[in-house]
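Now, the feature entries from Swiss-Prot:
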| type | residues | note |
| --- | --- | --- |
| TOPO_DOM | 1-29 | topological domain 'Extracellular' |
| CARBOHYD | N5 | N-linked glycosylation site |
| TRANSMEM | 30-50 | transmembrane segment |
| TOPO_DOM | 51-59 | topological domain 'Cytoplasmic' |
| TRANSMEM | 60-81 | transmembrane segment |
| TOPO_DOM | 82-97 | topological domain 'Extracellular' |
| DISULFID | C97-C179 | disulfide bond |
| TRANSMEM | 98-118 | transmembrane segment |
| TOPO_DOM | 119-143 | topological domain 'Cytoplasmic' |
| TRANSMEM | 144-164 | transmembrane segment |
| TOPO_DOM | 165-196 | topological domain 'Extracellular' |
| TRANSMEM | 197-217 | transmembrane segment |
| TOPO_DOM | 218-240 | topological domain 'Cytoplasmic' |
| TRANSMEM | 241-261 | transmembrane segment |
| TOPO_DOM | 262-271 | topological domain 'Extracellular' |
| CARBOHYD | N265 | N-linked glycosylation site |
| CARBOHYD | N266 | N-linked glycosylation site |
| TRANSMEM | 272-292 | transmembrane segment |
| TOPO_DOM | 293-314 | topological domain 'Cytoplasmic' |
Amino acid sequence: MTERNQTVISQFLLLGLPIPPEHQHVFYALFLSMYLTTVLGNLIIIILILLDSHLHTPMYLFLSNLSFSDLCFSSVTMPKLLQNMQSQVPSIPYAGCLSQIYFFLFFGDLGNFLLVAMAYDRYVAICFPLHYMSIMSPKLCVSLVVLSWVLTTFHAMLHTLLMARLSFCEDNVIPHFFCDMSALLKLACSDTRVNEVVIFIVVSLFLVLPFALIIMSYVRIVSSILKVPSSQGIYKAFSTCGSHLSVVSLFYGTVIGLYLCPSSNNSTVKETVMSLMYTVVTPMLNPFIYSLRNRDIKGAMERIFCKRKIQLNL
């Protein structure tokens, strides 16, 4: 890469969203309400799982961690976006940009690995129902969660350290609403080939491989379900996977649309819209998907609210 005039970059300017100035207040209110819904919805899921002993099972251990991951993932970008929408100079410090990259990768990958663990849980529940409790032991479940946290820590730290070694020039404008790693690489003055090679290798391991494992799990699940003689049994088996499959489709659908189906026309606008989908919309919808399609969650809400109502009456 040709070296340009280097200078010390203390902050980056985030161009944000392509919203006309006269519509800024409307979109600010919209994004604020979406963020608050995300926080409240995921907090409710976490609290329900903690308080209701009926939900102290492997599936809900993974779900509580996924809700925490979604809550934090949205919190990495949304507060800064909302702040910059009200600011005349939408900037972010250099250190803040690196921190945002780290936590964005960390919580994004954590949700990815937890979806794999949940797919394995559904696979065992449907394909080996008689051995479910012995296979999905507390030790294995905790190990899967800890492994997810360890792997995501390594991945996020690796990319953040590689990004920190780069030099940046006078151009400090990021055409995005957060510190997107690919946008930062385009601003770098120093050689980015190492970063690009590592991104290619790690994406293959941390995105494609988990997706392949989920697909393999569902191939086995569908194969087992089709062997069930009664239509009621088939419906019950599919209903246990419905929520997870919806979340998987939502998460990987936006990621595949963004990274594997590039568009030359309006690529910046497309990237921004797709990024909003998986940073704002998906974390907001996940609690609704699990609460509306899950009898256990709805039952836990009824038990806790009824118990609270009885206590108030006494």
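Placement of Cβ uses the backbone N, Cα and C atoms for every residue, glycine included.
Of the two recorded stretches, the transmembrane segment (60-81) does not lie close to the transmembrane segment (197-217), with fewer than three CB pairs under 8 Å once pairs fewer than 6 apart in sequence are set aside.
Across 30-50, 144-164, 241-261, stretch 144-164 shows the highest tally of CB pairs under 8 A with the transmembrane segment (197-217). DSSP labels the residues of the topological domain 'Cytoplasmic' (51-59) in these numbers: 6 helix, 0 strand, 3 coil. Confidence over the topological domain 'Extracellular' (1-29), given as mean pLDDT on the 0 to 100 scale, stands at 77. In the three-state DSSP scheme, C179 (disulfide bond) is classed as coil.
Sequence-distant neighbours of the topological domain 'Cytoplasmic' (119-143) (same chain, 6+ residues past either end, Cβ-Cβ under 8 Å): 58-59, 61-62, 213-214, 217-218, 220-221, 224-225, 237, 240-241, 244, 248. Helix, strand and coil residue tallies for the topological domain 'Extracellular' (82-97), in that order: 8 helix, 3 strand, 5 coil [DSSP].
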